[in-house]
Amino acid sequence: MTYIVALTGGIGSGKSTVADEFAKLGTTIVDADIIARQVVEPGKPALDAIRLRFGDAVLNADGSLNRSALRQRIFSSPEEKQWLNNLLHPLIHQETQAQFRAISTPYILWVVPLLVENGLQQRAQRILVVDVDRKTQLERTLARDGISLQQAENILAVQATREQRLACADDIIDNSRCPNALAQQVAELHRHYLELAASAADRMAKNE
């Protein structure tokens, strides 16, 4: 089985930027957010179920999912959020495992924004946390998403805390520094993960 490194971090921490740096070095990326979008594409059973549950108000004019409208519907309703999670999480897990099985590179970088919140730590051999302070998170989120400060703070309030993420980390990337510093951190971790993956493969071969 391919060695799995889970990459996580709060909103605005720069997970995609870090993943892009790993991809430049030849690392295979499996992104939970991309898979989550794929399972609700038009024509997929999950989107039909969502439409039946919430009505046409959560669809765009072209029939695709209006993610913003859906977020508004479930944000203040734990029951509806749980229903949606029960629908989507098994589908996301199934597709994730299918992608894992199809990959033959030494290790996979599995990008999972809600790794800690969903208790998925045990599904990876290594956990990498992208870390920035709260002020930086808010500044980046406001600049990127065009939302209000209150909306950004509401998102942070329902995510794992910085301390909770760091407590799960095997490795930490400080993404508050310059791009060159980030590239250097990624290159060092990439070499380390190749070594860990090789060691894990050797142990598995000896046990067969």
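Placed from the backbone N, Cα and C atoms, the Cβ positions cover glycine too.
Summarising the annotation, Swiss-Prot assigns domain 'DPCK' to 4-200.
Around GLY14 (ATP binding site), the same-chain residues six or more apart in sequence whose CB sits under 8 Å from its CB are VAL130, VAL132, ARG140, ASN175, LEU182, listed in sequence order. Per Swiss-Prot, ATP binding site is recorded for GLY12, SER13, GLY14, LYS15, SER16, THR17.
Around the Cβ of GLY12 (ATP binding site), the same chain contributes VAL132, THR136, GLN137, LEU138, GLU139, ARG140, THR141, ARG144, ALA152, each under 8 angstroms and 6 or more positions distant in sequence. Non-local neighbourhood of SER13 (ATP binding site): VAL130, ASP131, VAL132, GLN137, ARG140, ASN175, each in the same chain, at least six residues away, with C-beta under 8 Å from its C-beta.
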